[in-house]
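A.B. asks: Just passing along the structure, written as structure tokens.
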Amino acid sequence: MSSFSTTERLAAKLKKPKEVYSYSITDGKVTMDQSQLKYYYLPEETILKAPIDLTKGIENWTQPNEHDTHLDTLLESLSKYERETGSKIDAEIITWRGILTKIMTHPYDQYNEPIVLNITYFDGHYFIEEDWQSKQQGKKAPDEQMKKHIYSGYKFESVALLNEPWFKSSREDIESRFDDIPNGDQFVSVVRTQIGDNKILIGGEVDCVFDPCAKGTSRYGELKTSREVHNAKDGEILERKMNRAWAQSFLLGVKHIIYGYRTGDHKLAAVDYFKTEDLPMYAGASSTWSGTDEINFLNAALTKLKDLPKEDNKLWRLVFDSANKKVDITELDGESFLLKEFVDWRKSM
């Protein structure tokens with residue numbers, strides 16, 4: 001077993017994320033289109049006119065069952081993209097945006113959220129997934145209050161988004177969304193980015209188009225919910241949430257973050273709009289987190305990761321140990337977690 005310290009930093013030059021392609025997931029099926037792309041439309045007068053109940057429809061909602069999906073839809077879409085272009089993607093590391101977000105924010109995680117990752121090398125790339133079994137350990141079924149918190153986040157997306165730009169939407173489409181029950185369909189953007197010397201391909205769910213006039217990932221928006229801020233504790237909770245929101249938006253190149261604030265009984269009280277690049281300023285005075293420090297930590301961690309042997313189908317596990325400020329690396333026995341369709345495609349190239 002080897003390890004490296006989480007106190008290590010490596011100054012990083014950055015390249016702007018560039019969208020390579022996108023895809024939709026509908027009822028679990030991947031299609032190389034924008035059928036699940038949504039558009040933001042929630043005028044202030046709509047919020048002021050009458051309280052929007054973010055628990056409406058919860059009695060008819062079934063929380064999506066989590067299961068171990070590895071990198072399956074990302075690799076399925078990548079194999080489709082490469083078949084169309086006839087060339088292999090230029091990247092050293094391939095993973096989900098959410099995984100890099102967890103690594104990036106680890107130095108400032110006050111909750112000591114466990115991070116256990118599996119890594120394999122194949123055909124010129126390191127692939128990173130979160131270990132499913134480790135992620136499930138200690139998880140408890142949400143109580144009624146937590147279920148309302150979870151649902152209100154999904155519901156905010158339903159009431160704030162349209163299937164088409166507002167000027168193409170009918171009055172019925174605009175008004176009926178308040179009765180919609182959220183489902184698990186997704187729109188995913190796949191971008192190529194570079195942090196330091198690390199060339200990365202990441203996929204991440206995108207909530208909506210916020211600025212239709214912008215191009216690429218600059219047009220996208222990320223929707224978040226949080227309780228109203230009434231005291232210092234509420235403010236600190238929001239600052240920490242903003243850290244995660246900033247990191248995940250920064251990695252994908254999303255320029256806009258929209259916060260919906262809920263009351264104690266889960267009514268939508270107000271909406272705030274932020275530019276992703278401005279969020280680190282909100283942590284400046286209290287020093288709850290530093291965007292620059294997180295980028296440098298991510299760069300150091302990914303650079304260490306690339307020291308692993310470039311031998312096809314070998315498996316390793318990375319365990320982030322907050323208490324001892326280190327990351328342990330062990331070699332694993334077992335089969336690759338890569339999608340067979342993708343592996344077969346690469347072998348046929």
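Using the three backbone atoms N, Cα and C, a Cβ is placed for every residue, glycine included.
Note that the coordinates shown come from a computational prediction; the quantities given were computed from them, not determined experimentally.
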A.B. asks: Name the residue, out of Asp143, Asp173, Asp207, Asp234, that Swiss-Prot lists for the same divalent metal cation site as Glu157, Glu222, Leu223, please.
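C.D. replies: So the divalent metal cation site in Swiss-Prot includes Glu157, Glu222, Leu223 plus, from the candidates Asp143, Asp173, Asp207, Asp234, Asp207.
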A.B. asks: Going by Swiss-Prot, Glu205, Gln248 bind substrate; tell me which of Lys168, Lys224, Lys275 is listed for that site too.
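C.D. replies: For substrate, Swiss-Prot names Glu205, Gln248; of Lys168, Lys224, Lys275, the listed one is Lys224.
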A.B. asks: Reported as an integer number of Å, what is the Cα distance between Glu222 (divalent metal cation binding site) and Glu205 (substrate binding site)?
C.D. replies: 9
A.B. asks: I need the most crowded of these binding-site residues: Glu157, Glu205, Asp207. Count other C-beta atoms within 10 angstroms of each C-beta and give me the top one.
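C.D. replies: Its Cβ has the most other Cβ atoms within 10 Å: Asp207.
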A.B. asks: Could you check which of the binding-site residues (Glu205, Lys224, Gln248) sits closest to Glu157 (divalent metal cation binding site), going Cα to Cα?
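C.D. replies: Result for Glu157 (divalent metal cation binding site): the nearest of the binding-site residues is Lys224.
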A.B. asks: By a simple count, how many Cβ atoms lie within 10 Å of the Cβ of Leu223 (divalent metal cation binding site), its own Cβ left out?
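C.D. replies: For Leu223 (divalent metal cation binding site), the count of other Cβ atoms within 10 Å is 23.
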A.B. asks: Where does Asp207 (divalent metal cation binding site) sit in DSSP terms: helix, strand, or coil?
C.D. replies: coil
A.B. asks: What are the other residues, in sequence order, whose C-beta lies within 8 angstroms of the center of the C-beta atoms of Glu157, Asp207, Glu222, Leu223 at the divalent metal cation site?
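C.D. replies: For the divalent metal cation site the neighbour list reads Phe156, Ala160, Leu161, Cys208, Gly221, Lys224, Ile258.
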